[in-house]
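The structure appears below as structure tokens.
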Protein chains: 2
Amino acid sequence: MAFPTDLEIANAVKPKKITKIAKKLGIDKNDLELYGKGKAKIPLSYIDPEKIKKNKLVLVTAITPTPAGEGKTTVSIGLVDGLNKIGKQATAVIREPSLGPVFGIKGGAAGGGYSQVIPMEDINLHFTGDFNAIEKANNLLSAAIDNNIQSRTKSIGIDPSTVTWKRVMDMNDRSLREVIVGVGDKNGVVRQDGFNITPASEIMAILCLSENFSDLKERLGKIYVADKFDGTPVFAKDLKIVGAMAILLKEAIKPNLVQTLEGNPALVHGGPFASIAQGTNTIIATKMGLSLSEYVVTEAGFGADLGAEKFLNIKCVAGGLSPDAAVVVATVRALRHHGGAHKNDLQKPDLEKLKAGFPNLEKHIENVQKFNITPVVAINYFPNDSDEEIEFIINECEKKGIKAVVSKAFAEGGKGAEDLARAVAEVADANETNFTPLYNHSAGIQEKIETIAKEIYGADKVNFLAKAKRVMKDLEKKGFDKLPVCMVKTPKSLSDDDNKLGRPSGFSVTVRDFEIASGAGFIIPMLGDAMRMPGLPSTPAAEGMDIDDNGVITGLS
Amino acid sequence: MAFPTDLEIANAVKPKKITKIAKKLGIDKNDLELYGKGKAKIPLSYIDPEKIKKNKLVLVTAITPTPAGEGKTTVSIGLVDGLNKIGKQATAVIREPSLGPVFGIKGGAAGGGYSQVIPMEDINLHFTGDFNAIEKANNLLSAAIDNNIQSRTKSIGIDPSTVTWKRVMDMNDRSLREVIVGVGDKNGVVRQDGFNITPASEIMAILCLSENFSDLKERLGKIYVADKFDGTPVFAKDLKIVGAMAILLKEAIKPNLVQTLEGNPALVHGGPFASIAQGTNTIIATKMGLSLSEYVVTEAGFGADLGAEKFLNIKCVAGGLSPDAAVVVATVRALRHHGGAHKNDLQKPDLEKLKAGFPNLEKHIENVQKFNITPVVAINYFPNDSDEEIEFIINECEKKGIKAVVSKAFAEGGKGAEDLARAVAEVADANETNFTPLYNHSAGIQEKIETIAKEIYGADKVNFLAKAKRVMKDLEKKGFDKLPVCMVKTPKSLSDDDNKLGRPSGFSVTVRDFEIASGAGFIIPMLGDAMRMPGLPSTPAAEGMDIDDNGVITGLS
């Protein structure tokens, strides 16, 4: 019999009442705002600064992933279930899926196998409406900009050719990357615009980095949108639209409580896409988790060169957070890939290819160590992994003083992650990590980019195209140079070139352009071809989906 | 002391638990899906065909409104509270507000004064996510169309210049009316597209006209989107995307339960904009209301020439519904306006202007009677209405055998609508109405349009511009001519010219173009300048809005 699909596994479990999950965390059911069956929002009043200091934060990151992903969410959820199995009180704090990948190529982001969060279908679809709220706040600002530009009486003098603020839509839709708006009679002023995918909205980053509602409003007001004809910058607050944007986000700021298949708590809040966005969950959810349980397991997207770097240099600094341990997820399959195995041979044991690919894992381990955090390697087990391959990884890690542990959370749930849970708890409880960010936010823009590229990616050199140089100067002139950088880069390689597998060396990376998120508080250097609006593949996942008259869904993963 | 704002009144009421409201309707709390505090979705299993036949349906419509609206929702809610006060079991079934007007000029749509549905703020913002679900289903189809056009291997041969399917966004944003998509390298094929506001999406109309989930899917598949290069039509089902679209709508299809300020049940489901869309609530919500209570008070947007005409000719025919009474809402202020009173004098008693404007009300009364339904006139009372003016209306109606009743629901809630409730119940209970649609769906397109224009608007003649003639022929050729018509026309006049007030005569109307909604099942003739994507005014309502750190909102109405 074939292994059941994620959806079949999820549907076979009878979920606990969400009020019961909340009760375990000490949340009164009258404080909970329910959203359909099995989802609820928690008011911010449960955040407790004393508990945040005391409790343990575990960051889950990964090696450079293959397109299917290496199961970081699966391991995170398995680890939470594993920690609870060995008697530790743990909560998962993960990100909300975007509809783009759900209907595109990657699938949702609610874990897999016996390590999932549920209700999986709702989480992967509109969930509690957070993405929609972000989208509307983003696009209300766009409408206000264009409305002001065409107004004869209220115009504040925005130069239409300088508008950097883009519209967003939570969809993989390449045709919207670059558009001309305002076409036609009395339809405003014609100008070039573009749509990013909603997780790449600065509003998403602001939601992820805000400490509370007043911080959120403050950041919304500081969003840079364009220049006036006289060259002075225009911010969202100049359009008198910040109150309305904040109203749209009044519920989205509250973390969402769901549960793992084993009935342990999970907070799902904030957006994905660590390649093209900040891509970590919200500071509020992380702090909520730490306020309510002894261990918080959180994840950052893609490899440690992307999600973890941003989580540590941007989010932890902004929120005063300090991880007590990190998990680097690896799969034997992906290491074979990095060692040069052909796509068709990835499922076959191949010790030589694995050995050749191992330096990729090595580099991600070193990357975590550069922040003074002790990593544990989680080998996300697949049935075709050979004993020799796994032993090789364990032994090589041991030589570096790092523990590598097999996780069978996909096939076995928390029981399959007990060893991993023990290893992680040991590191976290030892209180030996001493988190240090990689760079000082006040360093120059170029210096910050070079630090990340050389230290984390392993590059020799950073090239700046002419446009990038020009924009960088302008950002300096506008006083944005003291902000951290949020790199846009392919997740498929440590470099900015998809084809450079393993642990590349002797390469340079190229910054072609910048975007600015002055409200969220970071500069966005754009490397290589990475796009902030994905496209659909020639056969989108959406084509295989259906729902019958009883509401039973098939094809969603 | 000034009369409190809608928001202040709404916030001063302690709402009943929504589970208690549901219990009154006979709904088990375990069947209810809660959405935050005070909102819930009801499963379709509560629809009961026997009860639908037995219970009474009351349609609320209006005279030609001034821009502020004449309080149709306020009267509808007051009437429900009034009916409950006189011992009848009644439920309001109204439409969901769109964010466009909320942030634009008109304000939300949750009633006013002491006749509101609550939670007013949530209803006016994202509510339970239905509009977002519709928007995503609409835009997924757009992404699939553009993805197919640019595909080298999977193209089905769509001619990009023939795509009629537009994207949507729930925002007043004139810059998106006409856009060029696919600009830039590898971003698909450049073509002209446009955004309608979400309530004008065919998906909204499909949701409103579907009887159940399988009907919904059937209709989604039949959406016409473009032609192939060989001239044959392309439908949504040809893009293999119908299952995914249906999945996005799995919650949106369920009606939303909230309550009036007096704790009576209200179902809020389906979209507004009877001027540019179908604009009535959903058949499912209407039938749910009729399954759960003796009287259902529902409303259709703008004057009887728009919402009521569409409600009766499209929705009632599609759903096999037959109203037992109709209420025509009028205000003294608006009748003064129709009689030629200057904008600055609208608040002043002026019997002569009122008399001059009365024929507008007369025409809307006649329009309702053309469907063999007995109307009751509700005079939505304002403090500056003079006794003479009100008496004139009552007497003139009496001459026609029509009851006109003052409603003070705005200032007094249900108590102020008891007289109206008695008058309406009397008509509904008399079982004398015998609903007959105005035209046969199988008549020709031109004939159907002419019937509505002459019978309902009072026009002498319908002109068809060259483009409209061409498209009409094409619709006939494609076999869409047996569908009913859903007119796009200004709500400000019985004609297609905003400036023709009162009861104009001796005029013609002009059809400039058509859209087609083959899934929803209607043809959309477009008259005059009416747009399917509104713009923001020079000072949007959004500018006056704020929310403080405690979540207290100001400026929302």
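Every residue gets a Cβ built from N, Cα and C, even glycine.
Please treat TrEMBL annotations as automatic predictions, because they have not gone through curation.
So that you can see what the record holds, here are the features copied from TrEMBL:
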BINDING   B:Thr66, B:Pro67, B:Ala68, B:Gly69, B:Glu70, B:Gly71, B:Lys72, B:Thr73  ATP binding site
Those residues of the chain, 6+ apart, with a Cβ under 8 Å from that of B:Lys72 (ATP binding site): B:Val60, B:Thr61, B:Ala62, B:Pro65, B:Glu299, B:Gly301, B:Val329
Cβ-centroid neighbours of ATP site B:Thr66, B:Pro67, B:Ala68, B:Gly69, B:Glu70, B:Gly71, B:Lys72, B:Thr73, 8 Å, sequence order: B:Ala62, B:Pro65, B:Thr331, B:Ala334
Binding-site residues listed as B:Pro67, B:Gly69, B:Gly71, least Cβ neighbours within 10 Å: B:Pro67
Nonlocal residues around B:Thr73 (ATP binding site), in sequence order (Cβ under 8 Å, 6 or more apart): B:Ile94, B:Ala109, B:Ala110, B:Gly111, B:Gly112, B:Glu299
C-beta crowding around B:Glu70 (ATP binding site), within 10 angstroms: 23
